[in-house]
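J.: What follows is a structure written as structure tokens; I'll ask about it next.
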């Protein structure tokens, strides 16, 4: 029998406990797939006495995860502590310095320090697996890193945050407001007490940064991502989307453009019969557009202890089998410096909802401002306040414009002019249209 | 610079030409991912003079693919000849005997001789990649073999034949008959002149056999697959499906049951809002149900020269990177002998369309026969011939029954009794319902 792979698990929350449980319960099946036994020899967590429903009697206990990372009883360290700095970062860095392989679910850490970690790991000759850091149980890292080697990828995009997708799905199906759905998500455990990280788009941005690096061979550049959350989306937007043939999703999108890599996280209108548009609830989904494979779609559970553990274990088995790849698929030193395509040059269609002060000439003035910027309108929908067309009051009316592809700078200039004209009330709602 | 991986390509049809072209045009990118150059050093095809749009001036030419397979100028043989016997089989066997790695798109060969080939390859210490053999460009083999190591899989199923899905989609959307859509598929090159292999379900069965082996760790057992094609599906079935909340797809389904592995290819009703039901046209899609990951869905192009080449190249790069896995994920000698769950014990719901001779007592007799077998009906739809309910003629009327889950033996017994009673005209149409 070959030598076992000795695994240390740092962080025993839901995912960590699930990893230990599965490695123990399925030891035979996993050994058969791995070609050698995989044994949990050490763990680290703060509270030794918490009931976790797993047997830790054969594992050494370390209060300090870095001590686990350098201990002689492990060959591979699973980092499930979380956070871009502190204990998590120290644990991963110590593991690599000590020649231990690393498997982590820590998107924040890799989004910030991914390049340095990849360089260190490649110099030390150890593997760093991070399948669990992006889209939970979906094998998107493996697919990008190994499954599409012959492809030049033009775009990778999708639903990377289950909390946002749950909220948008509820808002749409039940015609509820954002705040109410967020409160439900919190009650059900889909959203944190402080939900900013999810609903502000920052969690999706961390994942997108890693996908962009894998897809385009550029250094991780989380700071270069344009980020917008979902808090401004209203039931009216979802209703108008439905009427116009779209659905609204929080997307992470990375595209290769002539001026560099465009990375953005924002609510987007998708044609309602497209694959990503149809993904509901907490499910995640990613589409990869490759020049030879075409459009490939992966969908599945993006979070949850077991689904995330599934990804962690696949990475552990890869290491046990001897797989040693550069962290991001190509050597870290050959990753290109990121060239950021600024949002001003973003090209696409737009949904614009305006509260127009309903007086003669307003519509003409708005249309003129759009035309001045060379923007063509595909649809204009004005909701008459009274079915007989009589003007019932001087309250603003909602006007929705759908533009043909234009660029963001032109659109912003047109909207600034419209605002300055004084025909609209409040700030225009702008939602980008993502092409299929 | 490390030694190049020398590749021989046997079979220069659409896929082979695409493989050579991509390996040549993207040599630098592929070398960066592979960690070493990948060079086409030899090719084999019958007609040397055919224009293929690729530069073969640096490749040795072999008329006999087995000669290529044993030549000293290749480390890896790409077999794209096709067929379960003859030149393809000889080429693969010779390559393995000669210590060459193999990458193949040949589902027929592996469905028939997969176990022997895997054993031989594992003894010889060479890799056999077959990503391209199942669902074209979708990385389903990698996902099952590597991406889900911690999972016990209960079911793998999906749309494995683009020709059938194209025909069913056209029939449904345009309310056309089977023959007309098949003729269109042939005109567009989606179906062969002799379409039996596709529309009869045999192509899907070959792919399913390989998926079942990967998912369940059992020996390849293509002969144990229950196969039914799509030729009997009528526009009326698709219309009734729509009315009842289903869509009809040709599915390959492999499930783990208490009595063994159930493998079946047949048209199936799927809840219309399920992910696989929504896949249209020539696209393939596979769902994997794992105990810890949950439901994972992969969708993409299932055929075409470039999409298939994408899978071939990913396999080549894996070999170049040094990946050496057992062919089916676990050592071939540890694959379990297949225990076939017979179709008689299949459990599920059914759609049954009967041409009922419309006379008093017919409906009661049919319902009684179902009840005798313990079958509960979820829906009964009878299409009145005249809107006012008057009986217009004695011609049979279509009656559609949707059953709750039952087993196939009970259903067949009930239908036999109904036929014997003489209340129906012709053979009942039976379409299994696949649960989400």
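Cβ atoms are placed via backbone N, Cα and C, with glycine included.
From a predicted model like this one, the values you see are computed outputs, not experimental measurements.
Under the heading NADP(+) binding site, TrEMBL lists A:10, A:11, A:12, A:13, A:14, A:15, A:16, A:17. Taken from TrEMBL, the feature NADPH binding site applies to A:107. The L-homoserine binding site annotation in TrEMBL covers A:192. Summarising the annotation, TrEMBL assigns active site, proton donor to A:207. Annotation comment: TrEMBL describes A:351-432 as domain 'ACT'.
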J.: If you take the centroid of the Cβ atoms of A:10, A:11, A:12, A:13, A:14, A:15, A:16, A:17, the listed NADP(+) site, which other residues of that chain have their Cβ within 8 Å of it?
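T.: Here the nearby residues are A:9, A:18, A:19, A:45, A:80, A:305.
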J.: Return the residues near residue A:192 (L-homoserine binding site), defined as same-chain residues 6+ apart in sequence whose C-beta is under 8 angstroms from its C-beta, sorted by sequence, else 'none'.
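T.: Listed in sequence order: A:186, A:198.
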J.: Would you mind pulling the DSSP three-state label for residue A:10 (NADP(+) binding site)?
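T.: Strand, per DSSP.
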J.: Just the number: how many Å between the Cα atoms of residue A:15 (NADP(+) binding site) and residue A:107 (NADPH binding site)?
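T.: Rounded to a whole number, the Cα-Cα distance is 14 Å.
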J.: Compile a sequence-ordered list of residues in the same chain as residue A:13 (NADP(+) binding site), six or more apart from it, whose Cβ lies below 8 A from its Cβ; state 'none' when nothing qualifies.
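T.: Spatial neighbours, sequence-distant, of residue A:13 (NADP(+) binding site): A:80, A:305.
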J.: DSSP-wise, what's the residue breakdown of the domain 'ACT' (A:351-432) into helix, strand and coil?
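T.: Per-class counts: 25 helix, 30 strand, 27 coil.
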J.: What number of additional C-beta atoms lies within 10 angstroms of the C-beta atom of residue A:10 (NADP(+) binding site)?
T.: 29
J.: Hey, of A:11, A:14, A:17, A:207, which of those recorded positions are within 10 Å of the residue listed as 'NADPH binding site', Cα to Cα?
T.: A:207
J.: Determine, to the nearest whole angstrom, how far the Cα atom of residue A:10 (NADP(+) binding site) is from the Cα atom of the residue listed as 'active site, proton donor'.
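T.: A Cα-Cα distance of 21 Å.
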J.: Hey, of the binding-site residues listed (A:15, A:17), which one tops the CB count within 10 A?
T.: A:15
J.: So what's the average pLDDT for the domain 'ACT' (A:351-432)?
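T.: Mean per-residue confidence for the domain 'ACT' (A:351-432): 88 out of 100.
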J.: Please list, in sequence order, the residues in the chain of residue A:14 (NADP(+) binding site) that are at least six apart in sequence and whose C-beta is under 8 Å away from its C-beta.
T.: A:304, A:305
